[in-house]
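Down below is the structure, laid out as structure tokens.
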Amino acid sequence: MKVMCSVNPGHCTLIKFIFLLLIIIHLSLNTAESVWPLPQIFIPSPERYQLKPQSFSFGYRRYLDTKHSCSVLDAAFKRYFSILFPGYSYDEWVFENEVFTLTISLDRHDCEGYPNQDSSERYKLSVFAGQASLNAETVWGSLRGLETFSQLVYQDDLGSYYINKTEIEDYPQFNYRGILLDTSRHYLPVQAILKTLDAMAYSKFNVFHWHLVDDPSFPYQSHKFPDLSNKGAFHPVTHVYTQSDVRRVISYARMRGIRVLPEFDSPGHTKSWGKGQSELLTPCYRGATPSGTFGPVNPTLPSTYQFMLSLLKEVASVFPDPYIHLGGDEVDFSCWRSNPYIRAFMHKMGFGLDFSKLEAFYIEKIVNITSILRKTSIVWQDVFDYHERVRMHQQIYVWKQGCYLCEVRRVVKAGLRVILASPWYLDQPGPTHNWARYYNVWPLAFKGTEKQKSLVIGGEVCMWGEYVDATNLSPRLWPRASAAAERLWSNERQTSCVERAFPRLQEFRCKLLRRGIQAEPLYVGHCKHEYQTV
């Protein structure tokens, strides 16, 4: 842009100087505002302060001191120091007199537990001359604030680090912000899962929905039923998740404020279960003769529920989250219909030929088991669609395509809580630029009362595994999943414009690259720090 001057040269010089200053301020603000997802209240300033690795420190205040430190924050300090200053490692010793300190304070000390659905993630962040303060109600909120702080730091062309004066008050729009990974259709190495957890934390996701097992394979290694993985996994040694692997994932997620929600889907999607547990699945018939194939779990046998109680008891002891996902979707009734013993049982129970009632019978028994184990069940929307009795404390995943907001409205009118997944299926190949499709989702855009809308507790990005393994997991997820992350975290009115969001997402994608996440490009361009391991 050219500045045209029709006044004397002195005035022209002054105008050019002012114009240049405005450009610098504008660029400075743009650099400072490149935070994803966008905070609820964000007050930036052109005033900036230099940061140096050798004179930067983290500090504690209120409920946190040398006697009551926080392991979650101690680990986060080391992690984020390397993110703030790539190539440097965190050292508590500082060598310069002028130290820039980020001081953390918590309203309550909750460092020893696990995040849950009611955990507050609210925080306040203030950056001013020579210091910054981060106050949060819980340690999980402080982790979200640390992530925001890390995104505020930037480098100039000479490599010096800066941060602008900033005031932020932030909290999520929805408490549930999840990503589903399917480890049955393709086995995902533990390292790929951990890398996904890192990227989830960068985008402020807080639930890892682990779809552990399904028809193709049963990679979960059970202590009580070792044959489930010995016979049901793709390979009994190389393609299983040991108890140690599971504990590692849960611990890694906890340190990043992420819940781990296990799913053991039944009565359908269970072909791999039958390989290691005889008489669990229903024998299918051709006329009066068994065909040699098997269908869903057999809901008529007492042994079925004895097995499920033992398995879920183990699962409940391994996974600390108070919720277990029980599945309940896409049950094929044809095998049940072919089996004369199943039909006789249905006649005895008064179900007639309504096989959805048989499924409801099974689901209710499994839900009772989870209640005995002091866990709360989550199910796919099929359970709500086909069953008359759904427990009021259950959560319903809306996943089917079509008018998903119509389904959301039906569920909340029944007084049940909803997690929306339908618009965020990312497993199919597609151009990265369709991120706007996932950004322009409005979970509350249905007619309903405020109380009904409060029952929509969040949403989830689903990465099913038919065409996804460790080779393409990250680029298929990121940065498209980040579009959903902002929709679930940020204020809808402030994030309704795709054009305004694009440069921030483009900058965030570059941040992901620098942090080792293989995020696909959004369009033509380059990053100052490209992905290093190609």
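Heads up, the Cβ atoms here are built off N, Cα and C, so glycines get one too.
Residues annotated as signal peptide in TrEMBL: 1-34.
Per TrEMBL, domain 'Beta-hexosaminidase eukaryotic type N-terminal' is recorded for 35-152.
TrEMBL lists C70-C111 (among others) with the feature disulfide bond. The Cβ of C111 (disulfide bond) lies under 8 Å from the Cβ of C70, S71, V72, L73, V139, each of which sits 6+ residues away along the same chain.
Annotation source TrEMBL lists domain 'Glycoside hydrolase family 20 catalytic' at 174-491.
Taking Cβ-Cβ distances under 8 Å and a sequence gap of 6 or more within the same chain, the neighbours of C284 (disulfide bond) are P290, S291, T293, F294, G295, S334, C335, S338, N339. Annotation comment: TrEMBL describes C284-C335 (among others) as disulfide bond.
For E330 (active site, proton donor), applying a Cβ distance below 8 Å and a minimum sequence separation of six or more within one chain yields G268, H269, D382. Marked as active site, proton donor by TrEMBL: E330.
Annotated disulfide bond per TrEMBL: C510-C527 (among others), in sequence order. Sequence-distant contacts of C527 (disulfide bond), defined by Cβ-Cβ distance under 8 angstroms and a gap of at least six in the same chain, are R509, C510, L513, R514.
The local packing around C510 (disulfide bond), expressed as other Cβ atoms within 10 Å of its Cβ over all shown chains, amounts to 22. Taking the domain 'Glycoside hydrolase family 20 catalytic' (174-491) as a whole, pLDDT averages 95 in the prediction.
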